[in-house]
Amino acid sequence: MLDDTEGYVTEDGRKIGGVVMEMKNITLRFGGVVAIKDISFDIREGEIRAIIGPNGAGKSSMLNVISGFYHPQEGEVWYKGKKRPGMRPYQVAQQGIARTFQNIALFEGMSVLDNVMTGRIRQMSTGMFAQALWKGKAEQEEVENRETVEKVIDFLEIQHIRKTPVGRLPYGLKKRVELARALAAEPSILLLDEPMAGMNVEEKEDMSRFILDVNDEFGTTIALIEHDMGVVMDLSDRVVVMDYGKKIGDGSPDEVRSNQAVIDAYLGVQHD
Amino acid sequence: MPEQLLFASEVFLNGLMAGVLYALVALGFVLIYKASGIFNFSQGVMALFAALTLVGIMEGRVPFSHVINATFDTEIHHFGWHVPAFAAILITMGVMVILAYCVQRFIFRHLVGQEPIILFMATIGLAYFLEGVGDLMWGSDIKKLDVGLPQGINTWIDETTFDAFGYGFFIDNLDIYASIIAALLVIVLVLFAQYTKQGRAMRAVADDHQAALSVGISLNFIWIMVWSVAGFVALVAGIMWGTKSGVQFSLSLIALKALPVLMLGGFTSIPGAIVGGLIIGVGEKLFEFAIGPMVGGATENWFAYVLALIFLVFRPQGLFGEKIIERV
């Protein structure tokens, strides 16, 4: 089913492209603790790729490696066919990899609109002096970026809170604003760190819908980490399963579901 | 109008002008505090350093001449040229940007994520270091700074008020110019923070480092930029105060006057710094005028601090400070 260059077609008929990002033999240690041990997997264009695993499996560490917050001791990260050199997180973001955080990292004092606008910083190229003088190109740029941002805000149905300071919003909405900010960057890969964590059933359904819609509408490649097995299986095209820093499974949701190692490590402790 | 009321209005106006100068110093504090959470104790010394450098460049003094002469047994003090004020201000600004880069590169880059108290201690260290460097570079004598700002009584106001009320107001030209420049500076800074990419990035960094990184903002660049802007504000404050009372060590003590201003206005608000400065300026002048004679005068030394103390009790976040919203 998989081919390095060709891609594949999903069950619901979406065409998945070639490899955008490839992790090769990643090992990450914190002192004596091995958080990730020799893990390889790839992310393909247009797919929803999930990384799952029990608590402490190293999922978040993996996401932090992809987004440049952690630097693995061994292994290589390949992005768009090139080996990525060691990079600072902001440089990774400038390359078109946007992310959200497990514990929400928003600019609490700023309005929703301003928060989402910060997502466009990568697309704003005008220098400081032109910006300061607010002339010609800078103005045009601001208007164009504003249009994209408004589109995203509409799409995620947060128009009614555009001017509200983020600090005043309830948890579920904050999560959505964070998604909006990441989406505003028009990323090549969108990384979501536990997008459903701490949400009630209704909010989870909303979030699932948004993730699917984003993928469908903009063709955004999405890599997400999730604790909640049920949600992940419904959402994703392919799933990596981690346990104690090791990869124990990789494949379509059905393949993963029937993988004995996965069942032992994860599904063995079903609680619903 | 009764004599007493006229006199009070004159005191009021002079208070406003003094307040503008306080606000100018407070502004530098607010900028750095907003963007990096660092309470920059060295802001006053930065103003002194900027003023010293400006005078040094304008007069064509040789930097570190004492050290050079002592080491090589030479007798050089001046290059023998005079740099026009405008060019000297530009060069001094360049020096302040280099200083901002060094501060970030050699001090605060190594202290990312440390406790606020440690960052504060670092700025105290920086203050003394900078003071020493300033002395070493340009000598410790009191210098006269004249960038061409008019000084002395504004005769137009004096005559107009005399014709109207029979009592001439004494308003210093320098204070008028300082107010205009400060107002312009504030407008530019507010526009910059609210409406430009870098300004937005600055506010973003102030709010959440991780989130800022994740949208592609370089913390290092923003911090260097903020220290440069604070350096620029320090330069403007240094010019105003230096012209008023000479460039000397006591210039760095104006930082202490900025503290009550910040408590009043809030540590995170640019308009707060301005309003706080005006309230303190007017408050202490009027208090001295009205109450001073009854308690033996010299109330200007403590009035601002007492006012700040009262504010701390009733409104700890200041007039314009961001109220801490904590969802439970």
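The backbone N, Cα and C atoms fix where each Cβ goes, and this holds for glycine too.
Remember, TrEMBL labels are computer predictions, not curated facts.
Per TrEMBL, transmembrane segment is recorded for B:12-33 (among others). Beyond its flanks by at least six residues, the transmembrane segment (B:12-33) meets 39-40, 43-44, 46-47, 169-172, 175-176, 178-179, 182-183, 185-186, 189, 226-227, 229-230, 233-234, 236-237, 240-241, 244, 254-255, 257-258, 261-262, 265, 267-270, 272-274, 276-286 of its own chain at Cβ-Cβ distances under 8 Å.
According to TrEMBL, the transmembrane segment annotation covers B:45-64 (among others). Residues 25, 28, 76-85, 88-89, 91-92, 95-96, 99, 126-128, 130-131, 133-134, 136-139, 143-145, 147, 230-231, 234-235, 237-239, 241-242, 247, 249, 251-252, 254-255 of the same chain lie 6+ residues outside the transmembrane segment (B:45-64) yet bring a C-beta within less than 8 angstroms of a C-beta in it.
The transmembrane segment annotation in TrEMBL covers B:84-103 (among others).
Among the features that TrEMBL reports, transmembrane segment is placed at B:110-130 (among others).
The transmembrane segment annotation in TrEMBL covers B:176-196 (among others). Long-range Cβ contacts of the transmembrane segment (B:176-196) within its own chain (Cβ-Cβ under 8 Å, at least 6 residues beyond either end) map to 16-17, 20-21, 23-24, 27, 31, 149-150, 154, 202-203, 229, 233, 236, 240, 270-271, 274.
Annotation source TrEMBL lists transmembrane segment at B:217-241 (among others). Within the chain, the transmembrane segment (B:217-241) has long-range Cβ neighbours (under 8 A, six or more residues past its boundaries) at 21, 24-25, 27-28, 31-32, 34-36, 40, 43, 46-51, 54, 89, 92-93, 96-97, 99-101, 103-104, 108-109, 112, 145, 147, 149, 174, 178, 181-182, 185, 189, 198, 201-202, 204-205, 209, 247, 251, 254.
What TrEMBL lists as transmembrane segment is B:261-282 (among others). Proximity of distant same-chain residues to the transmembrane segment (B:261-282), defined by a Cβ-Cβ separation under 8 Å and at least 6 residues beyond the stretch ends, is recorded for 12, 15-27, 29-31, 33-34, 39, 182, 186, 189-190, 193, 206, 304, 307-308, 311-312, 317-322.
The transmembrane segment annotation in TrEMBL covers B:294-314 (among others).
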Report summary line: If one takes Cβ-Cβ under 8 Å and requires six or more residues beyond its ends, the residues near the transmembrane segment (B:294-314) are 257, 259-261, 263-264, 279-280, 283-285, 287-288
